[in-house]
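Read through the structure below, which is laid out as structure tokens, and then see the notes.
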Amino acid sequence: MSSRVSVDLEKAEEEEVEEEDEESVNPTEVKMSQIVMPCHSNHRQELSVGQLLKWIDSSACLSAERHAGCPCVTASMDDIHFEHTISVGQVVNIKAKVNRAFNTSMEVGVQVSCEDLFLDRHWRVCHAYATFVTQRTNTGKKVILKPILPHTEKEQVEYSVAAERRRVRMLHDDIIKDLRSHGSVQVVLQGRACLGNAVAAEKTKVESVELVLPPHANHQVNTFGGQIMAWMVNVATIAASRLSRAHPTLRTIDMFTFRGPSQVGDRLLLRAIVNNAFKNSMEVGVRAEAYHEEGPNRHINSAFMIFEVLDDHRKLCTLPRIRPEPLEGGRRFQEAIARKKIRLDRKYIISCKQGEVPLSVPWDPRNQVYLSYNNVSALKMLAARNNWRLSSEKDKVRLYTMEQKSTLSFRVESEVDVPAHRAFDLLAELSNRPGWDTHYQKCELIHRVDDDDFLYRVVTPSVSDGHLQDFILLASKRKPCGNPYVIALRSVSLPTHPPTEEYNRGEVLCAGIIALILFQISYYNQASPEVVPYISTDIAGLSSSFYHNFCSCRQYLTRNRLEATSSPEDQAGQNQASDTDSPTCDVRADNTQL
């Protein structure tokens, strides 16, 4: 991590911090500012990550308890990537607020920035998401949390995406198991184990015991979660140093998971070992166990930390290779490879901004969770934007547009006399769409990934040259944790369905349907070049095809308001015939692509 930031980067991130400060104050928001003293620093006179984790955990806990109105404990801390270090004399500004509350748990978002008092500059250091749970009452009852009411656009985005992040957390262990079973990981393990010049993992082992004293406890007399994390960082740093024979820099922390509490008087046994070493980074696994006098050891925490080694010119050094221990060492070696892949998925599938990656992301079953996350979160973030402009309206069918730099997005919205859950069930079946949308000439299901994600091939006419074009779409449907129902669409590429000369291959960046409980459905599309021609005439006022499209959709939902008794094929045929003969809505061939 570079301790200095370029002027351009500082200015950009300084503007970002200022924009955030202009937003209205969230009632759960907690701010903490700390000046970095020598006692908080490491040998480089930079703030130690352990100390920073203590401050992050404290701020997040205070925010959680402000919302819950009762004691809360840390359940987990999502991955943290440290973009920059903080030097002695600089100020750490931490802002924490609850993004969303579920039944007994809540997600707290934490932003950490650095302030240079002499240069009057601010820049971002890291962003973290922590999950807190409420403690039971004296009678053993769970405390049910009140819901969060987002106000600003940013809060609405965080609120919506929090449910999808929760879904990914719950699937994390299953993803690791699936990747471990993949053959390529086994091959890497066998090839690495044969290296004679590799460093034995046993040489990096660290074991340390800490006695939990009153200063290490929080206001609930449990061991402070930030203190446990700081101790874990300490032993992990020693393990990384034993492999590199240098002072390592902590770059990333994979998810902390708190499995149980510990109290004052407990002994904490901390174990660390280098699980795997890549060219310029290494993963260190840390396990924390608590015991009291002669009692059994209790596994209370695990974490995985990624270290790098920088030379005098701040360039990455090449690290020695590692030879895993027998049995358990092989498992840890494989899981480190799987976690590295997951980090890349998160970076290049979830975190990349538009334009940094192709519109059609390669489909891979091992990437499924992150592709689905990106699919759903992108639609929710698009829907949460507050700068939509009403372009036209006809019979309560409204067309909104939003222009951002070189991107045009549109939203078509209407009320329907159909419950949201039923509209969701009907619209989520894309195979039935040709029955009410004559623009969809064909929609075939390629693969049912699971109960919520599907791969489709859609064939549509092309406006530009009259040829047919096709789309390979990932459809992700999500029932709400409250409101709304979501059907998200985006393009993916499949080796089994490459572009052909017969069809022009189109791409969809972000599209989908959101159904609200208040009998309202909205269609969104972040228009790609293949989509813009379909909507531009409506935006210019030259046609009203969006109205005819939604009118047909509304009829389809109304006719099927009750559970259908006929087969999907029969129902689709009836819908198509009824739409064609309908005197109310003229469904034209140039209707808007949905």
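Any Cβ shown, glycine's included, is placed from N, Cα and C.
For reference, TrEMBL has these:
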| type | residues | note |
| --- | --- | --- |
| COMPBIAS | 11-24 | compositional bias 'Acidic residues' |
| COMPBIAS | 564-583 | compositional bias 'Polar residues' |
| DOMAIN | 26-138 | domain 'HotDog ACOT-type' |
| DOMAIN | 202-313 | domain 'HotDog ACOT-type' |
| DOMAIN | 388-517 | domain 'START' |
| REGION | 1-27 | region 'Disordered' |
| REGION | 564-594 | region 'Disordered' |
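Under DSSP, residues within the domain 'HotDog ACOT-type' (26-138) fall into helix, strand and coil as 23 helix, 55 strand, 35 coil. Note on the domain 'START' (388-517): mean pLDDT across this stretch is 86. Counting residue by residue with DSSP, the domain 'HotDog ACOT-type' (202-313) contains 26 helix, 51 strand, 35 coil.
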